[in-house]
Each structure stands twice: as C-alpha cells, then as structure tokens.
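Participant: I'd like to ask some things about the structure below.
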Amino acid sequence: MSKVRIYTLAKDLGVENAKMLELLDGLGVSYKSVSSTIEEETVDLIKEMLAEEAAQAGGAPAQATAAPESDTPTDAGSAAPAPQADAPTSSEEVPHRAPVVTIMGHVDHGKTSLLDYIRKTKVAAKEAGGITQHVGAFEAQTSKGKIVFIDTPGHEAFTTIRARGANVADIAIIVIAADDSLMPQTREAIAHAQAAKVPMLIAINKVDLPQADPDRVKTDLTQLNLVPEEYGGDLVVVPVSAKTGEGVEDLLEYISLTAELEDLRADPKGTFGGVIIEGKVDKQAGVLATVMVQEGTLHVSDFLVVGENYGKIKAMTDSNGARIKEAGPSTPVQVLGFSEVPSSGEKVQSAKNEHAAREIVAARASDRRDAENARVQRRLTLEEMMGPLGSVRTVNLILRADTQGSVEAIQGILARKESDDVKINVMLAGIGAPTEGDVLLASTAEATILCFSVTASGGVKKVADGKDVDIKSFRIIYELIDEVDRLIKGNVEPVFEEKYLGRAEVRMLIKHPKSGTIAGSYVTDGSLKRNAKAKVTRGKQVVYEGTIVGLKRFKDDVREVQTGYECGINVDWNDVMEGDIIEASEMVEVEQN
Ligand code: GDP
C-alpha cells in the first residue's frame with residue numbers, strides 16, 4: 001500500500017500543516033515531522049474528519065474531498081496570498097510573522113553563494129537606478145510568503161547576537177558541501193543551533209559537482225546523532241546547488257514548512273521590540289543601523305533606545321533600499337538617527353519621547369553600575385552555581401584537543417562519568433585551539449572550555465576573560481578528567497577573601513534630607529571605596545556592619561578617597577556617631593588551581 005507525505009496531503013487538501021498534525025494527533029498517529037509519511041487508510045480517515053468539520057461549520061463546501069485548489073502553487077509571480085500572512089485565524093489571535101533564517105556552515109561550503117542565489121532570484125528587482133545596499137538582512141519573496149535571511153559578512157551574526165542574549169533567527173540552515181562533508185565549522189554551527197534550540201535544516205550544497213557525495217554527508221551526520229529522514233530520523237536534508245539553483249526551491253519550501261510548524265507570531269500593534277543586526281558609519285549619511293523588528297511596529301520619528309544610547313529615527317529604508325515610514329514584525333530596516341554605532345545583538349526598545357528615552361538610558365546606566373559592583377561583592381551560593389539542588393545537573397563542556405584520537409579517548413572517559421545526578425554534555429568536540437566562536441557558545445551555554453595539548457591564542461583568551469568563560473588547558477588527560485570531576489562535584493564555588501582597604505575617623509555628622517546621616521570623616525589609613533563593605537567600631541565594639549553606599553569629596557561623588565583626605569561617608573545606617581571608626585574592606589576572589 002502506498003504512503004503519502006503529510007505536507008503533500010495538507011497541500012492537496014488545502015489545509016495548514018499545523019491543522020493536519022492536529023488531526024493526526026487526534027487519531028493517535030505517530031509522526032516525526034510534516035515530511036513523514038502516513039498510510040492511505042489514515043488519509044481516508046483525515047478526509048472524513050475534514051468533511052465532517054466542514055459540514056458542522058455550516059455547509060461551507062469542504063475541500064477535503066475535492067481536488068487540490070491549484071495544481072501549480074509554486075508560481076512565485078502569481079497573486080496568491082501568502083498563506084502565513086492570511087491564515088484564517090480568529091480575530092483576537094496574534095498574526096503570523098515571516099521566519100528569520102540564518103545560514104551557517106564551514107568556510108567555502110557555499111553560504112555566500114547560496115544567499116546570493118536566493119537574493120538574485122527571490123528579491124524583487126529594485127527600481128531602475130537604485131543600488132541595493134548591504135544592510136545585513138534581506139527579504140525573499142517565495143510562493144509561500146516572505147522569508148527573511150540574515151546576511152552579514154563573516155556569518156557571525158548568529159553567535160554574536162546570541163552571545164548578547166538575543167535570539168534573532170528562527171531557523172538555521174547548515175550548509176555542507178557535498179564534496180567535503182562535515183568539517184570543524186560545520187560541527188560548530190550545528191552545536192550553536194542546538195544550543196539555541198533553533199530548528200535546523202541541512203542544505204547539502206554543490207551537488208552539481210561530479211565528485212559530490214551527498215550520501216557520505218548523510219552518513220556523517222548520523223554520527224552526530226543527527227539522522228536524516230531517509231534514514232528514519234527527523235532531520236530535513238535538502239540537496240542543493242548554489243551554482244545551478246537546483247533544489248533551492250525545495251529548500252525554501254522546507255523553510256516555510258518549518259516556520260509553519262513553529263507557529264511564529266508577533267503582534268504589529270504590540271509594544272515594539274527589536275534587535276540590532278549590524279551598525280556602521282556611512283561617510284555621508286552618518287550612523288546607520290539595521291534593526292530587525294521582532295514585535296510591534298517601528299515608525300519614522302520614534303525614539304529608540306539601545307544600551308545606554310538613544311536616537312530619533314530620521315529615516316528608514318527597507319532591505320531593498322526603498323524609503324519606508326513604518327515596519328512591522330520580521331522586517332529588517334535600516335535606521336538613520338543613532339548618534340553612536342550600536343553593536344550587533346543589542347536589543348532595541350522604543351520610547352514615547354526624548355525625555356522617556358533619557359530616563360531609560362539613565363536607569364540602565366545606574367543598573368549597570370550596581371551590577372558591576374554587586375558582582376565583585378556578592379558571594380554566589382552553591383545553588384546559584386549549580387542549579388536547584390536535587391535536580392539533575394548538566395555540566396556543559398567544549399572540548400578541544402590536538403588529535404581526533406585524544407578527542408575520542410577523552411569523550412570515552414567522560415561518558416563513564418555520567419550519573420543519575422549529573423549529565424555531561426559535550427556541546428562541541430574539535431581538533432585544534434579553541435576559537436572565539438567556542439567562547440561565544442560557552443558563554444551562552446555556560447560551558448567550560450577544556451583543552452588538551454592545545455592552548456587558546458591571546459585574542460581568544462581576552463574574549464573569554466571579557467565574557468567570564470573559563471578556558472582550561474591540560475597536557476595530561478587525567479588532569480583534565482580531574483577537572484571534570486571537580487566540575488561534577490560542583491567543587492567550583494569561587495572562594496572570596498575579605499581584603500582590608502582602609503579606615504577613617506568620623507569627625508562630624510551631617511544630616512542630609514535624602515541620604516540620611518553623612519559622616520564627615522578623615523581617612524587615616526589606606527583608602528575608602530564606594531560600595532565597599534563597612535565596619536563601624538565605637539571604642540572596642542563593632543556597632544554596625546554594612547556598605548558604604550555613598551562617598552563624597554566636597555559636593556562631588558567619588559569612587560575612592562585616599563589617606564590624609566577628608567570625605568563624606570554615607571553608610572547604609574543612620575546611627576553613626578562622632579568618634580566612630582569606619583573600616584572599609586572588599587571581597588576579592590581567590591585564585592584556585
Ligand atoms: P562560503 O565561504 O561558505 O560563503 O562559500 P562561498 O559561497 O564563498 O563559496 C566557496 C566557493 O565554492 C566559491 O568558489 C563558490 O563559487 C563555490 N560554490 C559555492 N556553491 C557552489 C555550488 O553549488 N556548486 C559549485 N560547483 N561551486 C559552488
């Protein structure tokens with residue numbers, strides 16, 4: 001008996017894929033994805049169910065038993081409305097939005113060529129005379145609606161954006177050259193998509209080459225536990241050629257199918273939220289930033305806040321270079337109006353007016369300062385370090401070694417270290433020194449990077465320091481394993497030590513209407529710092545322990561005051577008295593080996 005693919009059936013019957021899956025769920029039929037096949041008997045049942053539903057709905061002619069509405073729904077030029085945009089949703093439902101796609105993979109496997117091919121064939125030609133500018137993203141028009149592609153040089157957008165805690169891509173396409181198969185950056189790209197929990201499609205590129213071997217790619221994928229559909233898994237693998245265009249339509253169709261399953265929605269009337277794709281300075285225009293609208297709608301003259309900067313939108317252009325006045329969800333727009341260049345991945349908010357924008361910026365600046373200070377002072381609890389006690393803990397690792405043999409040997413030992421309480425998740429295991437990409441992955445996944453017989457370059461170390469990522473190098477496998485044991489035991493709690501800073505004598509008290517009691521003091525030893533711990537002693541007795549919340553020299557707020565100077569100290573306590581000694585100290589992390 002012949003079998004039918006779910007999405008083909010959905011197309012033929014004129015229903016959405018999601019609806020089809022709902023019906024299958026109702027029947028208790030198991031499937032892996034919309035490209036799974038089902039028995040003909042099931043098809044009959046589905047048709048009956050649809051016919052019944054239509055009859056109940058008031059006699060609207062059921063399409064269930066009718067022939068497909070259109071035999072050639074792939075005609076991109078037809079006026080057929082995009083099913084996603086016009087899906088018959090109830091009026092209160094948040095509307096669908098177009099998927100945002102990123103293309104990742106090993107160098108030279110054809111990412112740029114694929115993007116170029118799609119841009120050439122799927123982006124509406126610009127009016128004569130216009131030059132299409134590179135803005136970091138473009139919108140492709142397909143028979144199934146709009147698909148937005150992230151198109152940034154170096155293809156680092158996905159990682160850098162994610163490293164800032166934002167997610168811009170809904171779907172990741174992993175490009176693998178059919179003549180080269182899986183390479184280190186392919187594995188990295190896969191690890192990134194997995195860590196971000198973004199659905200992944202595989203495009204096996206360069207199938208036009210005589211030496212292309214798509215089967216080898218599929219077999220290699222299974223070794224990463226990624227099983228293509230033909231082999232019984234649920235990984236969609238599409239053979240394509242960015243050179244001839246073969247398979248590109250299929251790929252676009254799969255993207256739309258995946259998007260439909262993801263049920264991507266955003267409210268154009270909601271509060272605006274977006275992410276910076278890229279920013280640059282144009283010699284003539286000034287600062288230009290590409291913003292991906294994620295929620296709500298952006299209008300010319302809106303005030304935008306990015307990090308601790310804000311700007312008013314003077315002009316907006318779409319990815320085709322056309323001037324626009326507003327932009328809804330899943331639209332990349334180039335915005336003119338920022339005074340400073342924002343970085344990729346920064347979140348964008350809007351504000352009602354300039355005053356509101358300034359207030360947001362001021363609040364952020366003060367939050368940042370507080371967080372910076374708190375980071376130094378706070379002692380992390382074991383629970384914060386390790387997650388709720390009693391639950392299964394995952395130790396995320398990125399492994400780098402000199403040879404494939406070492407990688408395998410280490411992985412073999414690690415596998416035996418897993419227990420009911422602790423799962424070891426090697427997110428990425430590769431040969432060679434750790435890269436900046438590894439650090440970004442580690443920072444978003446809170447992983448530790450362990451190196452065996454390889455070391456990180458200075459540049460990579462610097463990035464790791466900036467992101468608080470641990471890179472540890474070993475020359476003996478068992479030392480590396482010991483480190484893993486320590487991570488497993490959670491024996492990684494940073495140890496803080498109290499470091500004495502200095503002391504001051506209180507000579508005069510000033511009552512401040514807002515800040516309370518300010519102790520006019522003279523620093524007799526060392527120095528005092530704002531936000532340091534404070535111990536107040538009276539005679540021989542410690543009368544209070546708290547924090548120096550404010551420090552002033554005359555009228556100015558200062559961070560630090562040295563021996564021999566007078567200052568105003570504001571402790572978070574109002575009962576300081578003349579003659580008290582205020583001693584300052586701070587918590588510093590002790591290096592552990
Ligand atoms: P990227 O580094 O992944 O962006 O790779 P590129 O798009 O720059 O492609 C690398 C090389 O492979 C270029 O010389 C392309 O012309 C070539 N290439 C890309 N796609 C195909 C393809 O489908 N078929 C063939 N024969 N060559 C391709």
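Note that Cβ sites are derived from N, Cα and C of the backbone, with glycine treated the same way.
Automatic, uncurated: that is what TrEMBL annotation is.
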Participant: Please find, within the list 54-94, 300-340, 505-545, the residue stretch that TrEMBL describes as region 'Disordered'.
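Facilitator: Here TrEMBL associates region 'Disordered' with the stretch 54-94.
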Participant: Would you mind pulling the DSSP three-state label for Gly105 (GTP binding site)?
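Facilitator: Assignment for Gly105 (GTP binding site) reads strand.
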Participant: Suppose we screen the binding-site residues Asp108, Thr152, Val207 by Cβ distance to ligand 1 with a cut-off under 6 Å; which survive, in sequence order?
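Facilitator: Within range of ligand 1: Asp108.
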Participant: Taking every residue in the region 'G-domain' (99-247), what is their average pLDDT?
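Facilitator: Value for the region 'G-domain' (99-247), mean pLDDT as a whole number: 86.
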Participant: Which residue, of the binding-site residues Gly105, Asp108, Lys111, Thr152, Val207, has its CB surrounded by the fewest other CB atoms within 10 A?
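Facilitator: Checked Gly105, Asp108, Lys111, Thr152, Val207; of these binding-site residues, fewest Cβ neighbours within 10 Å: Asp108.
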Participant: Looking only at the region 'G-domain' (99-247), how are its residues distributed among DSSP helix, strand and coil?
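Facilitator: Result for the region 'G-domain' (99-247), in helix, strand, coil order: 46 helix, 36 strand, 67 coil.
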